[in-house]
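Written out below as structure tokens is the structure these notes cover.
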Amino acid sequence: MAARMKLKLKTVFVLYFMVSLMGLIYALMQLGQHCDCTERDLPKDRAISRLQEELYRLQGQIRQLEKLKQPEKQPPKASLPTIFVITPTYARLVQKAELTRLSLTFLHVPQLHWIVVEDSPRRTPLVTNFLMKSGLTYTHLYVPTAKERKLQEGDPSWLKPRGVEQRNEGLRWLREDRRAQPGEDGQQGVVYFADDDNTYSPQLFEEMRSTQRVSVWPVGLVGGMKFESPVVEGGKVVRFHTGWRPSRPFPMDMAGFAVSLKLVLTNPDACFDGEAPMGFLESSLLKGLVTVDELEPKADNCTKVLVWHTRTEKPKMKREEALQVQGLGSDPAVEV
């Protein structure tokens, strides 16, 4: 059918070209010839009129064939469970760059709701404007980290758990928002905690979309190893491939699991413990939701890495600081 339509369209275009060419040649032949009035004008006018009618007819046929060439509308897909992605973020030079990179991945994921929680006493203009232009479905929240839990300049990143209040604020909002959505549809979905400095394959989100309780997968470039991962035997998680304290209840990175929305809603007290020892933050949430035997391995039984624990290098600002001393620093009105 497609081949026949293509041949017919080609034929119409050839006819259209020939008629147009004949009309042009005819008009050129008449240029400069003496006209001795109406007897000659009449047949010329009729010929031109016939050519114009033929041209309009061919143009109409072309328009019809162009409509037929358009692909048929596909029937709507069955509604997908929403993936709610909770991302803590805080102000620093690379914040906008990190959020931009993350948003470009999320734009490839259908039915995704981004919950961005700022470590701030208020919504900042940078994040507000960024989200408005992102093209994503989002919720913008904020909550400051308690002073005693904040890392100080020079502290190693592992000294205190980060993003605790922000992740818990995202969970709080989800529970309140979903409570206002009556029926089973309001409980369908998946919750994932995505830090703004990691790197994610869009395939990861399709893997987690079918989560029933808690799904798990490997995380690359984490814990001083090429990857950390659950070890799967017979379709079940039996232990964990990790280089540090494998005896932890759930020795996994934050990027290595997703939780069904229904499980979050039916366990209203489940949250992250800001007082948890180093490396136990993930376990503080999961131990109240699931057992290791109930974990659902994804990514081909945890044999594929689809998320990487990357970290952007902190920019060196020595020249900027030197220029500021001279009053020649970069324009502070330019948002970076």
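Every residue gets a Cβ built from N, Cα and C, even glycine.
As given in TrEMBL:
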type	residues	note
ACT_SITE	Glu282	active site, proton donor/acceptor
BINDING	Pro88, Thr89, Tyr90, Asp119, Arg162, Arg167, Asp195, Asp196, Asp197, His309, Thr310, Arg311	UDP-alpha-D-glucuronate binding site
BINDING	Asp197	Mn(2+) binding site
CARBOHYD	Asn301	N-linked glycosylation site
SITE	Glu228	site 'Interaction with galactose moiety of substrate glycoprotein'
TRANSMEM	12-29	transmembrane segment
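All features noted in TrEMBL, drawn onto the structure.
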residue	record	CB count, 10 Å
Pro88	UDP-alpha-D-glucuronate binding site	26
Tyr90	UDP-alpha-D-glucuronate binding site	18
Arg162	UDP-alpha-D-glucuronate binding site	21
Asp195	UDP-alpha-D-glucuronate binding site	21
Asp197	UDP-alpha-D-glucuronate binding site	17
Glu228	site 'Interaction with galactose moiety of substrate glycoprotein'	25
Glu282	active site, proton donor/acceptor	22
Asn301	N-linked glycosylation site	17
Thr310	UDP-alpha-D-glucuronate binding site	15
*What is the interatomic distance between the Cα atoms of Glu228 (site 'Interaction with galactose moiety of substrate glycoprotein') and Asp197 (UDP-alpha-D-glucuronate binding site), given in whole Å?*
18
*Distance, Glu282 (active site, proton donor/acceptor) to Asp195 (UDP-alpha-D-glucuronate binding site) (CA atoms, angstrom)*: 13
*asked:* Measuring Cα to Cα, how far is Glu282 (active site, proton donor/acceptor) from Asp197 (UDP-alpha-D-glucuronate binding site) in Å?
replied: 18
*Expressed to the nearest Å, what is the distance separating Asp197 (UDP-alpha-D-glucuronate binding site) and Asn301 (N-linked glycosylation site) at their Cα atoms?*
26
*Hey, how far is Pro88 (UDP-alpha-D-glucuronate binding site) from the residue listed as 'N-linked glycosylation site', Cα to Cα, in Å?*
29
*Taking just the CA atoms, what is the gap between Thr310 (UDP-alpha-D-glucuronate binding site) and Asn301 (N-linked glycosylation site) in Å?*
23
